[in-house]
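Trainee: Once you've had a glance at the structure underneath, I'll fire off some questions.
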């Protein structure tokens, strides 16, 4: 007899209902719950899956390069980056006849194509790629890497090549290799690529494998490095009249500290970025030699943590016990990694538009909007995941004996104070912000806009001024034109920085007013409420006043029966589930704010944002309704146009989003009743009843249905806004 799915759980494989299928899929990667799992096998499976993950990433990036080289217009775009629309790939089968073919034949392509809003053209152009051959070479190399990683993953599952558990728990070696090897060496390699390939290419010098040993990246060669005259590498930078990709106005510097942006490309100076990566390489290479491994020198992580008892006794036993707690809990490690990665991803979103690193990307408005929104949503999911795994750690891996009176134990002891503080902050922010918005709405409705409560964000303006923004007239630090720091700034360090801050056409230190003040506090409300739900879920995961034995029920449980009353919706999983709605809501406000602020900046009518963003009807009417007109006109009685696909995606996104409520509102009793009726009808319908199944159909569990509902809500929500964002931006700016 063939073994039934799932092989990893014999108990589940013998389940006579459809629960076997759905629960089998849901727990396929939940290695901890599998029948034959040991600690060693768990580490090996995770290790192998990392190789698989890397293989998929390289295959995906290889596919991007390959399709652009094959079906794109990279070489035409390189000749005129500001006017040629970059093509992502061809559309094989354009439905809806001739109008569709005409609508989607763009960018000089022979047939229907998709336009790229990912910024890959600008990225590849900046790093020195110029021809389709370059793209094909990159695609082949990444494909090769992908295969190597797949083989490596398979290899490390073989008995001879399996690392031991002690290898996985060797924190010092891992830190050293990640700091020096991953960050240090890769940053150094990237500096090398920028200096040897990208910077020469930006000056019209073509460096490839056939000539890279003959072309000096700097006229002085390595002499300044060995004689200590490093300042020579910063002399003679590109001039403000430099035409990117040509020798006109080009300099010879390779490592500079200019600040600001290249006037033509509106992106950071390549020579500044090379300098930055070299500095990062140096710092991380040194950092990767700090921890004690083979030679008995350097720091021991455990010694540091054990010794770190804060003075005054206010934090108890400090970090005692933390080393073994973290090192033996994969969920704790994953929680820390996700928290870090989430913050970094959000920082990427903030920095990619304010300090654009890629040539001409700042003038590709739809790409700017798409990249910001994309990275913020990803950051949101990663950050909520951090708290989810933190809660799982507290339920499954936390040992109170091992952590007596250390900072972790004290967090749990003080959880009521933490949770109640987050609660009052959320209430204060929510009621005050909504109160101000609604007051302003009422004043507008009664025709007395002058009675609005408009608060200038003077503290934020003061901070902007201290960094050099002169508009507000604060005359402080770098905005004081007569001050010594201002004078030094022009000559000694970052001469282009102050110019960039005071250029009102970019997104660096955007001018802010009462509308920004209000939406800032609305976003703060969302952030604090999301944090409240997540922190409460994690801190109460082991037990609460209402349910002291909660940890015995695991991470996700629907209720503990009717007898105890009030135990529904209080598992740590439920907190994560609720927090995701708040996270999406918050990022909605963040992206609305970013997008509206920027489309008015790009269109040259910032007054619209400034005047309409101080009341809710302004947001609904002048942002959402006004900018959805492109979607509403995606197709009309006269046929379709190039925005039609976004109009359909907008509708489809709403459909997926609304489907989520079907799972969220009606619970399993309703579905079980419906299933029984449908099964009865099926068995009595000719022809249909020729199809039989072995598993008895049962409804999803409450927790499963919530997950399915949440997934539809999230996907639909993001699809809807993505279509709105891309259509409204590309409809205005092409």
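Quick reminder: no glycine exception, Cβ is built from N, Cα and C everywhere.
Pulled the feature table from Swiss-Prot, pasting it below:
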type     : residues : note
TRANSMEM : 46-69    : transmembrane segment
TRANSMEM : 135-158  : transmembrane segment
TRANSMEM : 175-199  : transmembrane segment
TRANSMEM : 273-291  : transmembrane segment
TRANSMEM : 330-353  : transmembrane segment
TRANSMEM : 369-395  : transmembrane segment
TRANSMEM : 417-439  : transmembrane segment
TRANSMEM : 517-535  : transmembrane segment
BINDING  : 559, 568 : [4Fe-4S] cluster binding site
TRANSMEM : 575-596  : transmembrane segment
TRANSMEM : 643-665  : transmembrane segment
BINDING  : 654      : chlorophyll a B1 binding site
BINDING  : 662, 670 : chlorophyll a B3 binding site
BINDING  : 671      : phylloquinone binding site
TRANSMEM : 707-727  : transmembrane segment
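Describe the structural context of each listed feature in the structure shown, including burial, neighbouring residues and relevant distances.
Mentor: Sequence-distant contacts of the transmembrane segment (135-158), counting only residues of its own chain at least 6 positions beyond either end whose CB sits under 8 Å from a CB of the stretch, comprise 44, 47-52, 54-56, 58-59, 61-63, 65-66, 68-69, 74, 124, 129.
Non-local neighbours of the transmembrane segment (330-353) in the same chain are 42, 46, 362, 368, 371-372, 374-376, 378-380, 382-383, 385-387, 389-390, 392-393, 396-397, 507, 594, 598; each lies 6+ residues outside the stretch with a CB under 8 Å from one of its CB atoms.
Sequence-remote contacts of a segment are chain residues at least 6 beyond its ends whose Cβ falls under 8 Å from one of its Cβ atoms, and for the transmembrane segment (417-439) they are 411, 452-453, 455, 518, 521-522, 524-525, 528-529, 531-532, 535-536, 539-540, 614-616.
For the transmembrane segment (517-535), same-chain residues at least 6 beyond its ends with a Cβ under 8 Å from one of its own Cβ atoms are 384, 387, 418-419, 422-423, 425-426, 429-430, 432-433, 436-437, 455-457, 460, 575-576, 578-579, 582-583, 585-586, 589-590, 593, 613-614.
Contacts of residue 568 ([4Fe-4S] cluster binding site) defined by a Cβ separation under 8 A and a same-chain sequence distance of 6+ are given as 558, 559, in order along the sequence.
A Cβ distance under 8 Å defines the sequence-distant neighbours of the transmembrane segment (643-665), meaning residues of its chain 6+ beyond its ends; these are 96, 100, 103-104, 628, 630-635, 700, 705-706, 708-724, 726-727, 730-731.
For the recorded site, residue 654 (chlorophyll a B1 binding site), the DSSP three-state label reads helix. There are 15 other Cβ atoms within 10 Å of the Cβ belonging to residue 654 (chlorophyll a B1 binding site).
Of all Cβ atoms in the shown protein chains, 12 besides its own fall within 10 Å of the Cβ of residue 670 (chlorophyll a B3 binding site).
For residue 671 (phylloquinone binding site), the same-chain residues lying six or more positions away in sequence with a CB closer than 8 A to its CB are 699, 700, 705. In the three-state DSSP scheme, residue 671 (phylloquinone binding site) is classed as helix.
Long-range contacts of the transmembrane segment (707-727) within the same chain: residues 26, 117, 366, 369-370, 373, 377, 577, 580-581, 584, 588, 591, 595, 627-628, 630-631, 634, 643, 646-647, 649-650, 652-664, 700, each at least 6 residues beyond the stretch ends and with a Cβ under 8 Å from a Cβ of the stretch.
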Trainee: Using a Cβ distance cut-off of under 8 Å, indicate which of 46-69, 175-199, 273-291, 575-596 has the most pairs with the transmembrane segment (369-395).
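Mentor: Result: 575-596.
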Trainee: Measure from the Cβ of residue 559 ([4Fe-4S] cluster binding site) and count the other Cβ atoms within 10 Å, all protein chains considered.
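Mentor: For residue 559 ([4Fe-4S] cluster binding site), the 10 Å Cβ neighbour count is 16.
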Trainee: For residue 662 (chlorophyll a B3 binding site), list the number of other Cβ atoms lying within 10 Å of its Cβ atom.
Mentor: 14
Trainee: List the Cα distance (Å, whole number) between residue 670 (chlorophyll a B3 binding site) and residue 654 (chlorophyll a B1 binding site).
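Mentor: Their Cα atoms are separated by 24 Å.
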Trainee: Using Cβ atoms and a strict cutoff of less than 8 Å, what residues sit near the transmembrane segment (46-69) while being 6 or more residues removed from its termini?
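Mentor: Tertiary neighbours of the transmembrane segment (46-69) are 29, 31, 87-89, 116, 118, 120-121, 124, 132-133, 135-136, 138-140, 142-143, 145-147, 149-150, 152-154, 156-157, 163, 168, 330.
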Trainee: Measuring Cα to Cα, how many Å separate residue 654 (chlorophyll a B1 binding site) from residue 662 (chlorophyll a B3 binding site)?
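Mentor: Here the two Cα atoms lie 13 Å apart.
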Trainee: For residue 559 ([4Fe-4S] cluster binding site), which DSSP three-state class applies?
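Mentor: Reduced to three states, the DSSP call for residue 559 ([4Fe-4S] cluster binding site) is coil.
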